Amino acid sequence: MVSRGREGGLSLVSALTAWLTRPLASFHLLLAVFGLLTVFGLVMVLSASSVDSFSRDGTSYSVFVKQLAYVGAGLLLFYGALRMPLRLLRRYSLPLFGVCLLMLALVLSPLGTRLNGAQSWFVVGGVSFQPVEFAKVAFALWGAHVLVTKRGLLTQYRHLLVPVVPAAMLMFALVMLQPDFGSTVTLFIVLIALLWFVGAPLRIFGTLVLGAVTGGVVLGLIADYRAERITSFLDPSADPTGSGYHARQAMFALADGGLFGRGLGQGWSKWQYLPNVHNDFIFAVIGEELGFIGCAVVLSLFGTAAYVGMRIAFRNTDPWIRLVSATLTTWLVGQAAINIGYVVGLLPVTGLPLPLISSGGSSVVTAMLVFGLLANFARHEPEAIAALRSLGPGKVGKLLWLPAPQPYRPPVQRKNPRPPSRPGDRGGRPGGDPRTRGASRAPAPRGQTSRSGRTQTRGGHR
């Protein structure tokens, strides 16, 4: 019996390993994780919001119907991101980032609306959205474009840090003026991921982390409610009915769930015991109603999302796709880790939603947009391009009407025009041919070896 079980396990591992070697394995696995998280999130929003919806609107489905509408809008963005040509996405990353910066500034004006203590919302026709959510994606796209374009000069700090870090600081300032500390944390994650995956020196991260900790302490001392949250995190019994109420009730809900939970829809925390139960603290409802098993399923799904996102990054050859994929994956999974961390008491409460599971329009739409971009990147893996162009779009491609991806090539940098040479000059410059005089060249990046012995990074699929 033991040997049969061992053989069955080995055969399963072998089958999974063989399946992962298929050209479109990343694309199909990402679609599966995306679908499971979306459906699971809708089910949990319906369960967690039913009591609150009935008490306010007389029906148990008001929050769920609104969430369903946001998911529909997110599916449109997912499909658009899946079909969008990547050369256009990279080309217009700067205008997109500029528009997001403008919206972050306008939301602080009378055009913005203050909700839940922060002026970070636009309300148009009864529909509210946060521009900072879309700014995170735009910053990742534009920041990766800048760093990849300057990749031969990144050994110099001024090229590595400017203009990405000053732009990030401007975004931090605009978001903290709202104020929205949680979104500032996620923007910081995007910045750290961009610099980390582009190969920045470790001393830069020490400086950034030290600055972030100093800024967090200063902001905590300025705002009383942030200081109270930190105090409650360090000592949960300091204010159990005030600032520590949310975290305390979340722990009670998780403990009440046990291994298998009380059953879907049977939790007690949503009966006004835990505020924001269908939003920031929905993971507590998962633990209460589905138990440790349900929590493990959620963690497994986000772990799989992290694996697939990094797999897409490492299997692509274009440096811009690699950097954007790794950055977006780090942000998405990092936000999930922060949300779960403060629900279980490992981190102070920051108010960040659980991607694709918590209720909320801007967060779920942006998360679906990110999954659409990652799915597009998965179809641009070299093996996937070869398979789709030689064997056809496949069943999923036919169902979604997806065209075969074109080999992606980043924008070609125009060379400076060569000045006209004077009679008698060899090589166009005084003193002879510059190739024999060690003319200055930008240091080539790490990666591929060129004919002259310098290392270069491949600029795309050929």
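Each Cβ is built from the backbone N, Cα and C atoms, and glycine gets one as well.
Automated prediction, rather than curation, is the source of TrEMBL annotations.
For 29-51, 63-82, 94-112, 132-148, 160-177, 183-199, 204-223, 281-308, 320-344, 356-378, the entry in TrEMBL reads transmembrane segment. Residues or ranges marked as region 'Disordered' by TrEMBL: 406-462. Feature annotation from TrEMBL assigns compositional bias 'Basic and acidic residues' to 423-436. Look at TrEMBL and you will find 447-462 tagged as compositional bias 'Polar residues'.
Cβ atoms under 8 Å from those of the transmembrane segment (204-223) belong to residues 157, 160-161, 176, 179, 181, 188, 191-192, 195-196, 230 of the same chain, restricted to positions at least 6 beyond its ends.
With a cut-off of 8 Å between Cβ atoms, the residues of this chain six or more beyond the transmembrane segment (320-344) that come close are 86, 90, 136-137, 140-141, 143-145, 147-148, 182, 185-186, 189-190, 192-194, 197-198, 247, 250-251, 254, 280-281, 283-284, 298-299, 302, 305-306, 309-310, 312-314, 350, 352-355, 358, 367, 370, 373-374, 377, 380, 408, 410. Remote same-chain residues near the transmembrane segment (160-177) are listed as 97, 101, 104-105, 108, 120, 132, 135, 139, 142-143, 146-147, 150, 154, 183-184, 187-188, 190-191, 194-195, 198, 200, 204, 219 (criterion: CB distance under 8 Å, separation of at least six residues from the stretch ends).
With a cut-off of 8 Å on Cβ pairs spaced 6 or more residues apart, the transmembrane segment (281-308) and the transmembrane segment (63-82) reach fewer than 3 such pairs and are scored as not touching.
If you look at the transmembrane segment (94-112) against the transmembrane segment (132-148), you find at least three C-beta pairs under 8 angstroms, all six or more positions apart, and that counts as contact.
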